[in-house]
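Feature annotations, courtesy of TrEMBL:
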| type | residues | note |
| --- | --- | --- |
| SIGNAL | B:1-17 | signal peptide |
| SITE | B:129 | site 'Important for long-chain enoyl-CoA hydratase activity' |
| SITE | B:151 | site 'Important for long-chain enoyl-CoA hydratase activity' |
| DOMAIN | B:340-518 | domain '3-hydroxyacyl-CoA dehydrogenase NAD binding' |
| SITE | B:475 | site 'Important for hydroxyacyl-coenzyme A dehydrogenase activity' |
| ACT_SITE | B:487 | active site, for hydroxyacyl-coenzyme A dehydrogenase activity |
| DOMAIN | B:521-616 | domain '3-hydroxyacyl-CoA dehydrogenase C-terminal' |
């Protein structure tokens, strides 16, 4: 508790009065918790002299297994569909938006600023500047928090943020040697020079370079790292399969119950209208047990069934200052409150972002774990989620690696990813962040909670967490 | 009701300290840990407990398979217990030790239940022989996991069946390579070779420290494998590929095998010049297919026993132990750890020192006076690291991270935060004084000034210092990244903390360290100088560089004397000869210094200038005798004395001057003990390793015999061959030995 007080003070130098207040409230929470009373530490996270920033709407295209219906599109087509869906849902005039930011990971070289291409194609005014950000699996989180920053700084009032990933087509390059030869060929002046360059091409030059979901710093693929992480925390194969099954079952339930309202229908040119995610496939433990490990052979535990799959998809959210939203007659879905980015060892703690991010953002907001009604964690691998849960439940880990006095504590499973997650809905790297935030907003509305927490890990050993507050009804 | 009884049954009869085991379902997990040492060795105690535990495991019908694992971090079994072999007085004793080991391993090999060796950390020598006697091997892919048979480096052979089992596993050529070079093999290579069946990735931290959890994980995987083998789900025989089958068939042919043995023998003969008996015996032991197994093992054990009693093996074991001693800091923990190191001069030495420093995480400044110099120096560091990347010993990312520790600059900015400055500028006392004064004006009070000089006395350099207690000598050897030795020189005024700091930096750089007293040429250069002076005289007497090289290498020097002079640099040699000649007078005479000077004048500075005694081409081995250098030698021709010019006389003329000077260094307290003397001579100057260093050479050769030879030379050449008092003392009293 003392450390929490210190943290609040440190993080909020401009409003010490508030910090003391929050600490006092936190203190009282502990007492209340002991008395088993479920009241919040704080009624709201609104702060004097700080702009309230709201999520007005969030949409996404259906997330599809890569290589299926979207396979002939380009990334900006998907992003365009999400943007058009957002325009349609909000009916916002095309020139009111001040700025557009998109997140993406594997970039199509032709549309490297995919935000701009998609915005133009979606019919937004060509006077709206747009840029693209990349931060691995938390790229669209970065897009949203950039938007929050722009609004908080008074630069903008309405920003569209989103993310897109298109794994059906990835840039496969010529080998470095071949590229070098081809570039020299461009500069060659005489026929002789050209012929000698062509003659220098060997068979080995023709082998292509494929992009891999691997760390540049360690050359380790993410699945391999996830398997080691699971082993480090003693997560068994059965635990992972169970969690994956849970994700698929919950997603299926949510889909059937029509809870996934953020999904828009998308008429794919030359194909049918797509209106549902197609990766949700609840199986059985027996069937999942049959799969062989995908990365560490033969004794690994991460399989195709307990990992998120390669996905095509795009998402978009409209973020505004509360004043502007109300002035335009919108009913916001939620407040976007405190957020943090964390980073750690990209080798042995690659996917532990949620463990590091969760306590940090809660302390920043002056909340405790029990204040959170809705948890939405990004599920990269079932093993990664289980490892994070175990890390959050370990005093030793908290003391040794996080400089904390005691463990973070684990989210209760009856509040955790109740509408499925990346394992079942799919995980278009750049687009997942917006899905998480929108889902929290929708779940808060549906379940009647006050605070939600988003947490995600990302390649490079980075992580993100954000607190979302329900908008009063 | 049965449970308590069962548990009682599995309790050990008496307290075992090294080996314990528990049952995990039907798998017996046997854990090794020697509580008395940092590493596990196959000591008498370990072997006895192992035998006892195995007896219990085999007699327990409930056990279907077993796993061997070490609970010691970073070490499976590091080998046999060297002390145990050393304690043996006769070859018979060693033979029986070896036979005991073989018996145990043979039992393991023929075990009725499958045994899995779970390897994490060093698995060397007897440890590897133990592992390959098991039916299956799982190893962690950790950097610390190394497999190998380093016996040859101690003048021994793999004594417990390794010579027989290894070829079956990795093929004859692979086995010879391992046994004759003794090199360490990393886990991933071992998997490729077929030495281990399965790899386990090392884990990061989880709910326990990384290392602890990794061992646990390794055990879990190994237990899984053991169960799999027991119920036939895991196959022990790997389907051989076509190439493998072909190779096996070809290797099976008599003439082919013969040819392989012949090729290997020739190669060994060429490299060892018959000075090392172990490699020859290894081939001999291997080359007796068809002899009945029982007889074979007897023959083989006795070979092991004989080898262990050879002076070569004693010498090599002595070096191994000396090296262990010289890899410790005997001067305590320094008050302030050196974190930022500044190096003056980005030449070959300076950049070399920078390379071994950034490598170990030291923040390093490389300062030179010219942009060209810095550029060359930085390139050298980059190349050194990049070569490791090419050999896959380093990732390109790690290389870049390491290089981020290096900053090159032309001025003294940021020297104010340096903890130590090592100067590697030109060997001229005036330049050294100049940089010392410049540096002292900018460094903080605690900063140490170290001089990388090869001959200038440190006290002369320190004379210009305001704080001589912070001045010390750190003599590196070229090329710094390859040569293991660091000679640290202290003056009367050097403080103990300064020494402790220098040693700690040296250890961090991975060096073997000797600490010696101050004086012209310290220890190493001072020993080398008279030998080189003699070499010049030998050359003047008409022995060509090629023959001189042949004579020295056949004595056991890894590099011939003429080549050595080229490597060191003729200019450096001339410099040293002149300086030390002034300091020690006629005793350092012999060859004419003018020979060297004339060569330098003509630009024959050795390998670095492309010409010295030899002319160097582009290729590494491409060299021919430099005719112009021979011209110079003719000009300074001396008449050879027929009485002392046989091949062996020439060899002893060279070696006795080296050895005598080394003993004199001990007599004059430049050296603190013979161990450091031996280590310095072998690792810094390439004194024949099979002789174990000058002091061990005197012990084994006999001081009296050496004095006798020297007297013969003394009669002709005078005081250059006068044995020093300490040597004479040893000659008079044969019971006096440098090494106990």
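Cβ coordinates are placed from backbone N, Cα and C, and glycine is handled just like the others.
Ranking the recorded sites B:129, B:151, B:475 by Cα distance from residue B:487 (active site, for hydroxyacyl-coenzyme A dehydrogenase activity) puts B:475 first. Rounded to a whole number, the distance between the Cα atoms of residue B:151 (site 'Important for long-chain enoyl-CoA hydratase activity') and residue B:475 (site 'Important for hydroxyacyl-coenzyme A dehydrogenase activity') is 31 Å.
Secondary structure of the domain '3-hydroxyacyl-CoA dehydrogenase C-terminal' (B:521-616), assigned with DSSP and counted as helix (H, G, I), strand (E, B) and coil, comes to 67 helix, 5 strand, 24 coil.
Across the fold, the C-alpha of residue B:151 (site 'Important for long-chain enoyl-CoA hydratase activity') and the C-alpha of residue B:129 (site 'Important for long-chain enoyl-CoA hydratase activity') stand 11 Å from each other. Residue density at residue B:151 (site 'Important for long-chain enoyl-CoA hydratase activity'): 30 other Cβ atoms are found within 10 A of its Cβ, drawing on all protein chains shown. Every protein chain considered, the tally of other Cβ atoms within 10 Å of the Cβ of residue B:129 (site 'Important for long-chain enoyl-CoA hydratase activity') stands at 28. For residue B:487 (active site, for hydroxyacyl-coenzyme A dehydrogenase activity), the count of additional Cβ atoms within 10 Å of its Cβ stands at 25 [all protein chains shown]. Packing around residue B:475 (site 'Important for hydroxyacyl-coenzyme A dehydrogenase activity') is summarised by its Cβ count: 26 other Cβ atoms lie within 10 angstroms of its Cβ, all protein chains included.
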